[in-house]
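Features reported for this protein in Swiss-Prot:
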type    : residues : note
DOMAIN  : 1-141    : domain 'Globin'
MOD_RES : 3        : phosphoserine
MOD_RES : 7        : N6-succinyllysine
MOD_RES : 11       : N6-succinyllysine
MOD_RES : 16       : N6-acetyllysine
MOD_RES : 35       : phosphoserine
MOD_RES : 49       : phosphoserine
BINDING : 58       : O2 binding site
BINDING : 87       : heme b binding site
MOD_RES : 102      : phosphoserine
MOD_RES : 108      : phosphothreonine
MOD_RES : 124      : phosphoserine
MOD_RES : 134      : phosphothreonine
MOD_RES : 137      : phosphothreonine
MOD_RES : 138      : phosphoserine
């Protein structure tokens, strides 16, 4: 459960990310593909080269979904329902991959905003990404 302090930290951190979110999403995906090569199996049609248009486009989708989630911290299941259906029923992504991507998102944000990435912000963002992952895997049953 996200505390009021967590929600405040998440909104503040996301506000500092601003227009860089799509680039950070793409960077986090590239980081995940390089660090955890098995995750590439869900993207066989992607050009995996650095900065490819497909990775950039999917990074924007990831960032947009997270921005939606930040705007609906009190009702993530409703806000992410369609995305949850897509990942559970059509894409059938292994739920473990959400944890891997979450880690790569945290690393990416820490690299770009080291002064703002305090232990409190890190903890709040980690809880937020864990909640998003839980919602995205909730319809797998």
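Every residue, even glycine, has its Cβ placed from backbone N, Cα and C.
Shown here: features listed in Swiss-Prot, placed on the structure.
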residue : record              : DSSP class
3       : phosphoserine       : coil
11      : N6-succinyllysine   : helix
35      : phosphoserine       : helix
49      : phosphoserine       : coil
58      : O2 binding site     : helix
87      : heme b binding site : helix
102     : phosphoserine       : helix
108     : phosphothreonine    : helix
137     : phosphothreonine    : helix
- Which of the recorded positions 49, 58, 102, 108, 138 has its Cα closest in space to the Cα of residue 7 (N6-succinyllysine)? 102
- Note on the structure: For the modified residues listed (35, 49, 102, 134, 138), most other Cβ atoms within 10 Å of the Cβ sits at 102
- Considering only the modified residues 3, 35, 108, 134, which fall within 10 Å of residue 11 (N6-succinyllysine) when distances are taken between Cα atoms? none
- Task: Starting from each candidate's C-beta and looking 10 angstroms out, tell me which of the modified residues 3, 124 has the most other C-beta atoms.
- Result: 124
- Message: Distance check, please: Cα of the residue listed as 'N6-acetyllysine' against Cα of residue 108 (phosphothreonine), rounded to an integer number of angstrom.
- Response: 14
- Message: What does the structure give for the C-alpha distance between the residue listed as 'O2 binding site' and residue 87 (heme b binding site)? Integer Å is fine.
- Response: 14
- Task: State the count of C-beta atoms found within 10 angstroms of the C-beta of residue 108 (phosphothreonine), not counting that atom itself.
- Result: 23
